[in-house]
Amino acid sequence: MSPTIAPSLRFERRLLREGVALLAAADEVGRGALCGPVTVGMVLIDESTRSAPSGVRDSKLLTASARQQLVPRIQRWAMSYGVGHASPVEIDEFGLTAALRLAGQRALAQLAPSAGVVLLDGNHDYLSTPEQDALFGSPAPVVAEVPRVVTMIKADLKCSAVAAASVLAKTARDALLIELAEEFPHYGWAENKGYSAPEHLAALATHGPTRHHRLSWRLPGCADVDPAAFRRAAGWGVHASVQNVREAQPEETR
């Protein structure tokens, strides 16, 4: 689908007409970053929800200023919304997919009332607890009951509720990385948001990782290390976590 074509609520309304009263739309950001959390945004809508605010697109197609201006409009438009994070410590301990599930369930738990179906961007349901984890125990805690999940490839381009969720997720995560950049200015996080930009890689090679890096990702200077042991040796503690930096976000969720 061309990025010039505006997303719509067509698919969301089709799901709602199947007898589901409330639909949550979700998108994630930060999956490929070297540091910082993985973040999931969600919005809740029903069949009476009007078209999304003008200008809502997949967050990657918008400027930072446009995203910021859309946030309060999306928050007023949605019945409810939430943003959940899973920290680098949790990514190292549980793995990326389980951390995505944790972040998504944290966002889902903030919605009120509860959704009857969740629409996820992509082709993989990272939100539901896998059958083997349900039988033998999940590596990550389960923090919300997950309803039926529907996935759609490129939903952030096609579905305006998913696009709205992507805007909430990206603005929340970007704000956190900009805040962390004040404490760790060498890595360029205010600009690169924790991704593998040349400035970030050069700073890792020179200064080594911080407690906000994903140590299980074979970063320069810490390949083949045990993340928990590395954190203890650095004096960070195994629970040092971006999630602890901003556990509650009343200005971003309701």
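We number each residue from 1, going along the chain as drawn.
Just so you know, glycine gets a Cβ as well, placed from its N, Cα and C.
For GLU28 (divalent metal cation binding site), the Cβ neighbour count at a 10 Å cut-off comes to 26, with all displayed protein chains included. GLU28 (divalent metal cation binding site) falls within a strand when secondary structure is assigned with DSSP. Residues or ranges marked as divalent metal cation binding site in TrEMBL: ASP27, GLU28, ASP121.
What TrEMBL records for 21-229 is domain 'RNase H type-2'.
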Around the divalent metal cation site formed by ASP27, GLU28, ASP121, list the extra residues of the same chain whose Cβ is within 8 Å of the site's Cβ centroid.
ALA26, VAL29, VAL40, GLY41, LEU120, GLY122, ALA155, ASP156, VAL162, ALA165, SER166, ALA169
Neighbourhood of ASP27 (divalent metal cation binding site), C-beta criterion under 8 angstroms, separation at least six:
VAL40, GLY41, SER59, LEU120, ASP121, ALA155, ASP156, VAL162, ALA163, ALA165, SER166, ALA169
Provide the number of Cβ atoms within 10 Å of the Cβ of ASP121 (divalent metal cation binding site), excluding the reference atom itself.
23
